[in-house]
Amino acid sequence: MFKNALRRAGVAAPRISRVAQRGYAEAKATPTEVTSILEERIRGVSGEANLNETGRVLSVGDGIARVFGLNNIQAEELVEFASGVKGMALNLEAGQVGIVLFGSDRLVKEGETVKRSGSIVDVPVGPALLGRVVDALGNPIDGKGPIETEFRIRAQVKAPGILPRTSVNEPMQTGLKAVDALVPIGRGQRELIIGDRQTGKTQIAIDTILNQKRWNYGQDEKKKLYCVYVAVGQKRSTVAQLVQTLEHHDALKYSIIVAATASEAAPLQYLAPFTGTAMGEWFRDNGKGALIVFDDLSKQAVAYRQMSLLLRRPPGREAYPGDVFYLHSRLLERAAKMNEREGGGSLTALPIIETQGGDVSAYIPTNVISITDGQIFLEAELFYKGIRPAINVGLSVSRVGSAAQVKAMKQVAGSLKLFLAQYREVAAFAQFGSDLDASTKQTLTRGERLTLLLKQKQASPMSSEEMVPLIYAGVNGYIDNIPVKQVEKFEAEFVSYLHANESDLLKDIAATGELSKENLEKLKSITENFVGSFAK
């Protein structure tokens, strides 16, 4: 009406200026348009900026920065903010890039410039890292100065294909009687260590590293096994204690420690296992043997879940992203035994998973069990009873390790696992206190002593030639009449007796890796004589 009245009066209607129109549109902008408005304003501010190579921070918080620009960026490329903080591009979306920060997000401000580095996350590798403690990006954190190495490898690379691999056929000895006899591990295998918190999972891994000392200070390069220990989400005091233990036992010289502790940003905890694997792969690809321990992958999965949810990726079971299986499979598939044409190197993986209340059927445990070649299941109940390592013989299995087991061990421990499983069953039944026949009593007597024989103190790994006579004595009933409280004493005295008087037999087992008929007869008479004198 107002416009018509003006027209009749011959007066032109007032025009709303474009600026006013834009202001009106912005005032009524929907939340989805806010980003494009911000982009326009940033373009206005930095008209000359090259948005292909640089960008500006739109928003930052919870360790995630959303950046406008960086049009040429690659997935998982390193970027650097003007404040000096580094990050990694994980989400490449239309109009913006989701970047996870490797430092504190308090240092990053909105509108700050971000630059491409041009390189996917890569880490230093090679023998120069042995004896060092590094962070998830390979930077030294032990105060021993910079790492002088000419080799750098991408942290995330494809696993070896099918043809370059060969089947697991060499033993990887842990020095633990319960593991080497019941769930043997071979070079190139992935053996999961799973159990509740405080059940001795890390200790099995540490003892395995300590046991490599007997070969790593020798001359035979093929027998050496270089160790990489990846600490994810652990307390700094725990990592410091581990370094101290390895130094005390002279094992740090052939080990690399990658630490992404609980106080580090989630992206670093996610990246650390890949960094450690790249370092282990250098040894594998150069015809050497390497062992990597992931302690633990549950915390890596939690860090990845945190990042994914903050990046607005859709959640799945237990709020983990849909590709959490791929996260662990692409990591563990990099452990392999290479064929002779590829140099014959190997990378053995010991991933650790922490369960809640013994629930092995949770999402992450079942994922990793299906990826690995077997698992060592540790039970809190056994641990509290003083049976350490607290390995549940019934649930623990090694799917490929038996092909790599030392022949002498296979000869003496063949029936051990089945017998211990029978003992557990009978022991549970015997609790009801019913009358037992002679054979059941015999099973209980021998089973109790065998269980004690498999116990072992921390940081005291044994060689296979020391284990074989002990397990032979236990399986064949030579210690059935020895009192339960005397089993530990028998073990110590028998081993020292063999070293003092029968060192030729031990050397022969160590050299050949098997028990000949002659040596078997010899071992039988030695054991009978020693048990007879010990009982007196």
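Backbone N, Cα and C define each Cβ position, glycine as well.
Some features that Swiss-Prot has for this protein:
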type    : residues                                                       : note
TRANSIT : 1-24                                                           : transit peptide
BINDING : Gly195, Asp196, Arg197, Gln198, Thr199, Gly200, Lys201, Thr202 : ATP binding site
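Structure with Swiss-Prot features highlighted.
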residue	record	Cβ neighbours (10 Å)
Gly195	ATP binding site	27
Asp196	ATP binding site	18
Arg197	ATP binding site	11
Gln198	ATP binding site	12
Thr199	ATP binding site	26
Gly200	ATP binding site	20
Lys201	ATP binding site	26
Thr202	ATP binding site	19
Where Lys201 (ATP binding site) sits in the secondary structure, as DSSP reduces it to three classes: helix
Remaining residues near the recorded ATP site, that is with C-beta within 8 Å of the centroid of the site residues Gly195, Asp196, Arg197, Gln198, Thr199, Gly200, Lys201, Thr202: Glu354, Leu378, Ala380, Phe383
Mapped DSSP class for Gly195 (ATP binding site), helix or strand or coil: strand
